[in-house]
Amino acid sequence: MAAKLKIAGAWSGVLEAELETWSVSMLRHQVAQRSGCGAESINLICGGKLLKDGDESLGQVGVKNNAKIMATRVSVDQGKALMIENQKALAEEERASRLTRIKAAAMSLAKRHADGSLPIEDFNLELENQSGEKVQLGTENDQRAIMTGLMLHASAKQLIKRQQYEDALEVLTMGEEAFSLCDPKLIELVDNVPILQIDMVWCYFMLRDMSWLSLAGVRLAKARVGIERAHGKESSRVRILQGGRCPELPLYLRMDLLEGVVAYHSGQLQKSKAFLSSAQAKYLQLQVPDELLSLLMSMGYRQNDAKRALRMSGQDVGSAVELLVDLKEKKMRKREDDRRRQHEIMEQKRFGITPLRKAVDLQRLSELESIGFERALAAEALRRNENDTQKALDDLTNPETNSAIQLNVESRRRKRLHQEADAVIEKLVSMGFQRPIAAAAVNAYGTEDAALNHLLALHDNPNGSAAAVANTANSTHPVPTAGEENVLGSQEFVSSQTSDGSNGESSTLNQEEERDVEMEDELTEELQRGDALSDYDIEVTIEGEAINEYLGLITSAEVNTSAEENVKNVPSSE
């Protein structure tokens, strides 16, 4: 039902509007049309508040039925200025909202993947070293802080690539805060924080705002110390880890350049020249000859991958090929590890969650299985006892509790199989098969593929075995034996009752409903695209131009200084 709005001012009258579908912009255009002027010259005021254009409906901005709205006319220039101001305000709101979402999503992901909770996703976020090996750093809080910082840093890098430097700075600041919550001794072992500091100064530089000068110097000094501590003197530790290669050279080039820029604007020309000359030498080292690039590309490697490998290998073709092969093997191993982990997570979801909502520890489960206990029973014992191996062992060796565990496991298995069968039946019904016939086929043949093949055969030969199958249409779903447990191939999460009676599934689903799935997917996609050397993978074109620019400024300053000194030394004609 349309609401009535009483308009006064530039045009007076009553307008009927759908409060839930009309926007402020639509109302503005209607008033402007009736008053004979452009929409940009109409201001709308309701309840003492200026109504601004946006995606919200009239109802959402507080306009009600029989509301009184004042329409004032302003000059075209004023109207355009107001519209521009409104657009800027909306853009700023959207930007602030997105930054808040990025931080919230990173914190949510880190919390779920650092505390042993059952993952909602089919993957786990895990920390790796430069060799691609999984590492465990510090306490749960340390793990969470590092994960949050890494995700925010990865998001900021994408913003830098899109030249959104102000937004990148905001996200980098969030990342810096996250890292600050971690044990400083752990942070000293890695180069992530120094690289984040360099990225922050790079944003300052690209924004060309001189107010960053003193802060940039402090950040670069910290970065220099942190890099040397993590990489060793003259990158000795990195050389060992990377087999003599120098993947960090572009990062050092950028750091030298920024230190040279800071020194120049601080009036320290000689210091600036030294840093810039060092950066220039590294820049020349990173220039890839066309013939070497063509050689690698002729071997089937992509241009960007070939250029990256040659830069990191000091233009050594053999070493570059070894690096490319090594990175390919690591990607393949990672895919295999991801598939294995996905299988493990699906298994954990079938086992359910502990009273404290943690996943069943698969390593401890394997230990119990290795001494002769059935996997499903051992998993239930661990789940009940919060992954305490000794308590689980006590339950498994106690006839009374062992019997209770077996009954619980069997009940859950039957429930899961019924749910799986129902899901297959619903799927077949959605394809157009009659429910009784679909149910009979699932009961008789067990698997989805077999049931579907049978139904299709019936469709082609309706006088075949339809009667025989129809006789089972009203029977209950069969319960397969232990060896047939996954006969339907479903991997749905079936919950377990925790000791306090809460349901693990509902808790997990509630978590999922509160997630910002879109932003979490964006963050994890960026992480999954990278590898252990991504932080050093910098395209140095802008750096090269900046080096030449500032060396030119220094040369000009030196010429001017020399000319002034010559003037002072010219003898007087008197």
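Cβ atoms here come from the backbone N, Cα and C positions, even for glycine.
TrEMBL lists 23-70 with the feature domain 'Ubiquitin-like'. Marked as domain 'UBA' by TrEMBL: 287-327, 359-399, 416-458. The annotation region 'Disordered' is assigned in TrEMBL to 493-536. Taken from TrEMBL, the feature compositional bias 'Polar residues' covers 493-510. Positions annotated as compositional bias 'Acidic residues' by TrEMBL: 511-525.
Across the domain 'UBA' (287-327), DSSP helix (H, G, I), strand (E, B) and coil residues number 30 helix, 0 strand, 11 coil.
Across the domain 'UBA' (359-399), the DSSP tally of helix, strand and coil residues reads 29 helix, 1 strand, 11 coil. Here the domain 'UBA' (287-327) has Cβ contacts under 8 Å with residues 242-247, 249-250, 531, 533, 536-537 of the same chain, all six or more residues outside its ends. The DSSP breakdown of the domain 'Ubiquitin-like' (23-70) into helical (H, G, I), extended (E, B) and coil residues amounts to 15 helix, 12 strand, 21 coil.
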